[in-house]
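K.L.:
A single structure is presented below for examination.
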Amino acid sequence: MELWYTEKHTEDVKFSIRVDRELYTEQSKFQRIDILESKEFGRFFTLDGLMMVTEKDEFIYHDMIVHVPMATNPNIKKVLVIGAGDGGTIRELTRYKTIEKIDMVEIDESVVEACKKYLPKTACKLEEERVNIVYEDGLKFVRNKENDYDLIIVDSTDPFGPGEGLFTKEFYGNCYKALSEDGILVNQHESPYYEYYAKSMKDAHEKIQGLFKINKVYQAHIPTYPSGHWLFGFASKKYDPIKDLNVEAWKSLGIQTKYYNTDLHVGCFALPTYVIDMLNEDKE
């Protein structure tokens with residue numbers, strides 16, 4: 001008997017991967033956690049049936065959510081990561097020796113423990129000495145922070161269930177307050193392609209652009225995410241991700257990446273016309 005993982009992207013579109021075996025399943029206090037193994041994508045991790053990470057393509061997402069802000073301001077010292085229980089974002093951040101402190105706020109400890117055991121490729125740096133893991137609601141955590149971080153990365157799930165509060169105006173306002181005077185906020189911005197995800201993308205962008213001086217959106221192709229076309233939000237009090245990119249400074253760090261490079265850094269902000277039109281709809 002064949003076993004397949006299937007995720008519904010719309011009422012008329014489904015995405016499937018043949019599964020070799022199920023490694024782990026748990027219904028935590030917050031969500032259902034599954035870790036499966038496949039021939040094509042290696043091990044992969046889902047929450048409430050939705051794809052989070054695969055061993056084969058996780059490098060794309062984690063490269064883009066980390067190295068774009070870090071190349072924009074290589075002097076970042078203090079970082080807050082909200083979500084990111086699989087550890088991939090933390091892994092990439094720890095490659096920067098200049099970072100002094102990484103606070104990771106994850107609501108579900110079960111996710112972290114499962115990923116440590118079954119996804120060591122992403123979770124390999126969660127116990128690094130600069131990393132402080134707090135098991136708490138990210139919305140609640142940032143309420144009490146002011147001028148504490150140079151970079152906040154919102155590596156959240158989709159805007160429902162446990163991650164719903166991380167897409168509110170209150171949350172983004174608290175992130176702004178928690179950032180230093182030249183702070184940067186980066187978040188996963190959903191997909192612009194299917195209507196449901198596009199609405200979430202536009203809602204998040206509208207809330208963020210009312211707060212920050214600089215607001216940009218950039219993109220990557222992630223094969224296992226809905227439509228494959230995925231966006232990230234870049235918001236900053238000071239730094240422009242293109243004008244302030246110092247190519248030589250970043251290259252001098254000697255960080256070897258699999259997806260990100262400084263040419264791509266500039267190019268990923270060149271959006272398709274249909275996405276630009278969506279982002280401008282609320283301005284008209």
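Heads up, the Cβ atoms here are built off N, Cα and C, so glycines get one too.
On a predicted model such as this, the values are computed, not experimentally measured, just so you know.
In case it's useful when we look at the structure, here is the feature table from Swiss-Prot:
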type	residues	note
ACT_SITE	Asp155	active site, proton acceptor
BINDING	Gln31, Glu106, Asp137, Gly138, Pro162	S-methyl-5'-thioadenosine binding site
BINDING	His62, Asp86, Asp155, Ser156, Thr157, Asp158	spermidine binding site
DOMAIN	2-237	domain 'PABS'
K.L.:
Using a 10 Å cut-off on CB atoms, tell me which of the recorded positions Asp86, Glu106, Asp137, Asp155 is the least crowded.
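P.N.:
Least crowded of the recorded positions Asp86, Glu106, Asp137, Asp155, by Cβ count within 10 Å, is Asp137.
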K.L.:
Given the recorded positions Gln31, Glu106, Asp137, Asp155, tell me which ones have a C-alpha lying within 10 Å of the C-alpha of His62 (spermidine binding site).
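P.N.:
Checking each Cα against His62 (spermidine binding site), the hits are Asp155.
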K.L.:
If I take the alpha carbons of Ser156 (spermidine binding site) and Glu106 (S-methyl-5'-thioadenosine binding site), what is the distance between them in whole Å?
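P.N.:
That separation, Cα to Cα, works out to 9 Å.
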K.L.:
To the nearest Å, how far is the Cα of Gln31 (S-methyl-5'-thioadenosine binding site) from the Cα of Asp86 (spermidine binding site)?
P.N.:
15
K.L.:
Report the mean pLDDT of the predicted model across the domain 'PABS' (2-237), rounded to a whole number.
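P.N.:
Average per-residue pLDDT within the domain 'PABS' (2-237): 94.
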K.L.:
Using a 10 Å cut-off on CB atoms, tell me which of the binding-site residues Gly138, Ser156 is the least crowded.
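P.N.:
Across Gly138, Ser156, these binding-site residues, the one with fewest Cβ atoms within 10 Å is Ser156.
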K.L.:
Roughly how many angstrom lie between the C-alpha atoms of Gly138 (S-methyl-5'-thioadenosine binding site) and Asp86 (spermidine binding site)?
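P.N.:
The Cα atom of Gly138 (S-methyl-5'-thioadenosine binding site) is 16 Å away from the Cα atom of Asp86 (spermidine binding site).
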K.L.:
If you draw a 10 Å sphere around the Cβ of Gln31 (S-methyl-5'-thioadenosine binding site), how many other Cβ atoms fall inside it, taking every protein chain shown into account?
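P.N.:
Gln31 (S-methyl-5'-thioadenosine binding site): 20 neighbouring Cβ atoms within 10 Å.
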K.L.:
How big is the Cα-to-Cα gap, in Å, between the residue listed as 'active site, proton acceptor' and Glu106 (S-methyl-5'-thioadenosine binding site)?
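P.N.:
If we compare the Cα positions of the residue listed as 'active site, proton acceptor' and Glu106 (S-methyl-5'-thioadenosine binding site), the gap is 10 Å.
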